[in-house]
Amino acid sequence: MDVQEKKKFKSPNTYVIIFFVLLFVAFLTWFIPGGEYSYDKSGRAIANSYRQINANRQGLWDVIMAPIIGMVGNDKVSGAITISLNVMLFGSFLEMMDATGAINIALKNVAKKCQKNYYVLITVLTFLMGIFGTVQGAYEEGFVYLLMFLPIILSLGLDTIVALMIVIFGTQAGCAASIVNPFSTGIASGIAGISPGEGIIFRTLAFFVLLSFCSAIICLYAKKVKAHPEISVQYFRKEKDIQEFAHDQGEEQTLDQNQKKVFVIFILTFTIMILSLIPWTSLNKEWTFFTDITEWANQNTVVSTILGSSLVPLGDWYFNEINGLLLVMTILSGYIMGYDIDKTIQILIRGAAALVSTAFIVPLARGIQVLMTNGSITATVLNATEKTLGSLPPAMFIFVCFLVYIILATFIPSSTGLAAATISIMAPLGIFAGISEANMVVIYNFALGFVKLLAPTSIIVMTCTQAVHVSYGAWIKATWKYAALYFSILILLLMLSLAII
């Protein structure tokens, strides 16, 4: 053919984006004067203490070395290796759960048992999707859940938009809260230099508020489309959708005894993870139960001989302890299923390998901080923003940052990529406006959770709509009003966070 098809625009790979950010930061060190702040006893920069010093220009060799130093750390920047390991071990744990089939069977059975009352069904499935979003960052795999639920939704006289809303709104509301999501809260907190436990109480509150709201608006939409099917943007496909998707689901599968035990392991793992990240003694000085029992174990001759004398109490855990938990639970699940050690290790390695690309984002991102720190421009950049955004009242600062993050998330819809490119700059900036690092992590999560509902760069939106023959325009037309209400709830929660975090 003489006429060539126009190439569609393809957004650059996250690695490419961050590498160019590294080059840009190195370039800035040649023109931005060096500077430094005085710090208080806790290590935080003191406002209005900025002074200029000689800049240290960064070259190509420094750019190449920045991610390497970002992984292992140096005397100025902590290494990202524990965060990267956390990402890979989380992949191993999820791969083991997938291999056992326990989670998928349990999900399918819950959906079938709730199908007699579609209000209950929608609420249960939305919260389940929210849990997956808040603990594991459910995103790319959304279409799997969609195709699992869709036949049941259609059999109740509802449309494909209901199923889409359950999966997309459910998972992304969970991601917006990200109580213990290692791919957003975990990585962003690590880059900001705080424990993922900081802000966990507010994130838990946000989870229930957002998921309750999403359940309510999906039920409202379902009620309308149930009473008047013709108002659905997919009404023209109703018969085709029923013919294609509403096939017989077959007999209900049951979990065998081993799968039931693995399902308990799944629940127990996240329960321990949540308990381990809540700063109990910081919330109440008298909540010393976990500290007391750990001290007893460390001092007991028998227990300390078997387990060691360096146990860390729940509430003081960080990436190292969570990594140990994930490793143990992954191996334990394989043992329960009767897998030999070779198969268990293969699953562990396969799961870790699947997330190596994500894990490598973290040191690459930390390289930005390395270049800025070594180039002595971090303080200068912060000083400039301190005089602009930093002078805004906290409530206005949060609102402006939220809008900025929505724009950034539209072009960088990757949780790890966005955290990598921005948190190391935005977290210190927030301090000058009276906003904690934990609050900045919430702003970042909320923006991502909103953008991924609607943006054409959202993988879950594009794959799910494509899978069930819903055009992008139809999705926007059906959901924009609900998304606008959701936006308002996010703003209200952000204002509330000022009083809680």
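The backbone N, Cα and C atoms fix where each Cβ goes, and this holds for glycine too.
Here the structure is a predicted model, which means the values were calculated and not measured.
Annotated transmembrane segment per TrEMBL: 12-32, 77-97, 118-139, 145-169, 176-194, 200-222, 262-280, 317-336, 348-372, 392-411, 441-461, 482-500 (among others), in sequence order.
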Cβ-based contact of the transmembrane segment (145-169) with the transmembrane segment (200-222), 3 or more pairs under 8 Å: yes
The transmembrane segment (77-97) versus listed stretches 12-32, 176-194, 200-222, 348-372, 392-411: most Cβ pairs under 8 Å: 348-372
Outside the transmembrane segment (317-336), six or more residues from its ends: residues with CB under 8 Å to it: 82-83, 85-86, 89-90, 92-93, 96-97, 100, 182, 186, 190, 195-197, 258, 261-262, 265, 268-269, 272-273, 276-277, 343-344, 347-348, 351
Range from 176-194, 200-222, 262-280, 348-372, 392-411 with the greatest count of C-beta pairs under 8 A to the transmembrane segment (12-32): 348-372
Range from 176-194, 200-222, 262-280 with the greatest count of C-beta pairs under 8 A to the transmembrane segment (482-500): 200-222
Surrounding residues of the transmembrane segment (176-194) on its own chain - C-beta under 8 Å, 6+ positions past either end: 78, 80, 82-83, 86-87, 90, 130, 133-137, 200, 203-204, 206-207, 210-211, 270, 273-274, 277, 319, 322, 358, 361-362, 365-366, 369, 415-416, 419-420, 423-424, 427, 437-438, 440-441, 444-446, 448-450, 490
